[in-house]
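Since the structure comes first, as structure tokens, the remarks are kept for the end.
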Amino acid sequence: MTDFSNDENTIESTSMLHKIKAILKNEIVSFIIGLFLIMFALYLLIPYLSFFITGGADQSILDSASSDLNSTDNGIKNMGGARGAQLAYWLINNSFGVASIFIIAFLGAAGIRMMKVRKLNMWRWFFGCTMLLLWFSLFFGYFFYEAYQDSFIYLGGLHGYNVSLWIESQIGTGGILLLFIISALYILIFFNKKYINKIRDFFSGKYIPNIKRKKKDKSDNSVDEADDSDEFEDENQTKEENNTDKEATLNENDSLEMELNTSADEESLELSKSDKDKIELVIEEKVEEIIEQSLPKGTTQGPKESSKSQDKDAEPAFEVEAAKDDLYRGSLDQPYNPKLDLEGFKFPTLDLMKHFENNDPNVNMEEQNMNKNKIISTLRSFDIEITSIKATVGPTVTLYEITPAQGVRISKIRNLEDDIALSLAALGIRIIAPIPGKGTIGIEVPNENPKVVSGQSIIGSKKFQTCNYELPVAFGKTITNEVFVVDLCKMPHILVAGATGQGKSVGLNTMITSLLYKKHPAELKFVLIDPKKVEFSIYSAIKHHYLAQLPDAEEPIITDVTKVVQTLNSVCVEMDARYDLLKAAKVRNIKEYNEKFINRQLNPEKGHKYMPYIVVVIDEFGDLIMTAGKEIELPIARIAQLARAVGIHMVIATQRPTTNIITGTIKANFPARVAFRVSSMTDSRTILDRPGANQLIGKGDMLYLQGSDPIRVQCAFIDTPEVENITKYIAQQQGYTTPFYLPEYTSEESRAAMGEVDPARLDPLFEDAARMIVIHQQGSTSLIQRKFSIGYNRAGRIMDQLEKMGIVGPSEGSKARQVFCQDEMELDQRLNN
Ligand SMILES: Nc1ncnc2c1ncn2[C@@H]1O[C@H](COP(=O)(O)OP(=O)(O)OP(=O)(O)O)[C@@H](O)[C@H]1O
């Protein structure tokens, strides 16, 4: 008979383990335990510290069998009370000595982690603290055991004393000394990999010449040289001190090195490279100085100069390291990892999308031959001879490339578009005459059985997966069955138009989805605006991962027109703020800025932060223009004109591509256009500046235009349930505690209603602007804008504040405002009041 009892026990204990794990994962339970651990660690710290002062006096009471610790009159002096004294005694004397502090540190760290105050790597903390605990305990136990004789403290504790004695008895004094050295080196390497290179250098003898030269210098007995040598030593010492200081600051900035977590390992390549560079530079510098020192004084100049000129390449690198870039260096050892907060984030998998069986373009030869014959006979009936015809079968459309016989005018074929369409009895015929870059004419004919281009085939394609665009957007497949991917960063904004039911919403979903498959939540935020209220609601599930909203917004998807105006203006404020940061960082675009930030060259205390890309997607933009007009158009135009460099991009879609909706300003600022089928040639002209969109066949058949010639693409079909699967997959993972908050925007009216100006909320440029206005005696917003290189919104805000403070008068239309302060003295008086 088989005994299942053991198996049952194992199953029971595993399920028990799972239950405990689940309970610990519960946010509240974890928080409570974390808080308890921190409090306990703090409590332990009190008797631990107190022990060094009161331990001697308390020892006799603790050791005495007759003393009653439960009594209030127990005579214990330790600030942690009787139990604290016992704990401290046990921790220090009975176990690990003073090194027990690492137990307390670990408890504190565990508490911080469980409370989610900081994301500490607990395994690293565990191993780090354990190693330090054992090493210091053994070290003190071994080297300070004589100090036990007449002290109440066992610096290494019983563990340190007994274990070190045992080790010595086994491997001898030499053995234990070597063991101390080697384990100390391992611990150093554990905390910072750069010690590997230092140790390597030590063993390769790189530090030996240093000592030899010093000895040689001394043996020369020259006073001057001896002085120099001292100087050199001093310098080296100072340098080393500086280095240590620097490292200390670097480490401090990073809190503990222990915080390095496994994901940082991904960047270990870069890390070790930068470390190597640093070490090489220091060594180079030292060698230079050694050469200088080893030469007689008079000759010092020459080699120094020549070595400098030889090392021209190395010099700037050294300067970079010592550069006073905002006096902020941050930790160069460990680049900032923007994804650290959600380091376990998993990108959606391909199986969340539908798989279409018959996805391959199968060529129906009968259909092809029939079309070919029809084209030839139609052209012949109009006296047009061709020399060759070639067909390329796409997912929904086949392109017939014809080479006309000599002497045939292209315009003649172009004019026959309708006749050819009639004779082929097909909708959606488009004639491209000539095909750019080729000496042929293209006739696009819809296939009888169009294929659906699945989202899976596009997102899973090698082209999309391997592309390294900043914001890759996969639209679908071209007529030659190539996956069509573009970089939203380069576009930099897209205008989408198409009559109702032609695939616009599916197109927007495809764009958003492709970004979700490629960008981490730390790198990208969406502002989703949907006046129809139904299209984007599926995305509200991922608000803690990918969505940006106003701090007071109730819904992450913006549907209300007044909120849309506010949100777009707030994006403008964010844009201005980002420009200010870019200016302070002396970089030209978001990419350079983020690179600098990742390399810790920008000080977060000065407001610098990692900037995620922001993609603003507006569905039914026509509706908004109809209801809010200029109020909507102005911020859109501003964002479109300026936001590219700061990583803000827009996708706006409309059903009604009419000139009162797609105005000149909008058109001029949206160089990339996507046209689904529209109902008239005029609409096509509005969106693409040419006909063509009216000849599309619908269902995701689209023309993409950027530059001169439109490209026909069959948009991938990503249905709502697929998007739901994807958002669910993302939503179930850990997200940020809040959505990404856009800066607050105060509209003109609400500002006017605000009344008194709160001095704490005055713009930082307020005083400078006031002085400038008083000096010029001209209350003009554009003057502020120009002089301080700031945006219109900010300048307007400063002007409002000046008005509230009684420095300038109210707005007088196009005229400059009246200035009420005659000179700076009067202004100072008013400001002081
Ligand atoms: N790329 C595509 N491939 C195949 N079918 C598509 C594609 N895009 C859209 N369709 C079909 O067209 C229908 C309408 O598409 P969609 O909802 O995107 O239209 P729309 O232009 O957004 O319409 P509206 O402006 O009214 O919202 C879809 O339900 C789908 O059946």
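Even glycines carry a Cβ here, placed using N, Cα and C.
The feature ATP binding site is assigned by TrEMBL to Gly498, Ala499, Thr500, Gly501, Gln502, Gly503, Lys504, Ser505. All protein chains included, Gly498 (ATP binding site) registers 30 other Cβ atoms within 10 Å of its own Cβ. In the three-state DSSP scheme, Gly498 (ATP binding site) falls into the coil class.
Per TrEMBL, the feature compositional bias 'Acidic residues' maps to 222-235.
Residues or ranges marked as compositional bias 'Basic and acidic residues' by TrEMBL: 236-249 (among others).
Feature annotation from TrEMBL assigns compositional bias 'Basic and acidic residues' to 305-316 (among others).
Feature annotation from TrEMBL assigns domain 'FtsK' to 480-685.
Annotation comment: TrEMBL describes 218-272 (among others) as region 'Disordered'.
TrEMBL lists 292-316 (among others) with the feature region 'Disordered'.
According to TrEMBL, the transmembrane segment annotation covers 28-46 (among others). Proximity of distant same-chain residues to the transmembrane segment (28-46), defined by a Cβ-Cβ separation under 8 Å and at least 6 residues beyond the stretch ends, is recorded for 79-80, 84, 87-88, 91, 103-105, 107-108, 110-117.
Annotation source TrEMBL lists transmembrane segment at 87-110 (among others).
Look at TrEMBL and you will find 122-145 (among others) tagged as transmembrane segment. Residues 95-100, 102-103, 105-106, 109-110, 113, 154-157, 159-165, 167-168, 176, 180, 183-184, 186-187, 190-191, 258-261 of the same chain lie 6+ residues outside the transmembrane segment (122-145) yet bring a C-beta within less than 8 angstroms of a C-beta in it.
Summarising the annotation, TrEMBL assigns transmembrane segment to 165-191 (among others).
A simple way to gauge crowding: the CB of Ala499 (ATP binding site) has 20 other CB atoms within 10 angstroms, across all the protein chains here.
Other Cβ atoms within 10 Å of the Cβ of Gly501 (ATP binding site), summed over all protein chains shown, number 12. With respect to ligand 1, the binding-site residues Gly498, Ala499, Thr500, Gly501 contribute Gly498, Thr500, Gly501 as residues with a C-beta closer than 6 angstroms to one of its atoms, given in sequence order. In sequence order, Gln655, Phe676, Arg677, Gly698 are the same-chain residues whose CB sits within 8 A of the CB centroid of Gly498, Ala499, Thr500, Gly501, Gln502, Gly503, Lys504, Ser505, the residues recorded for ATP being left out. Ranking the binding-site residues Thr500, Gln502, Ser505 by C-beta neighbours within 10 Å puts Gln502 at the top. DSSP assigns Gly503 (ATP binding site) to coil in the three-state reduction, outside any helix or strand. Every protein chain considered, the tally of other Cβ atoms within 10 Å of the Cβ of Gly503 (ATP binding site) stands at 26.
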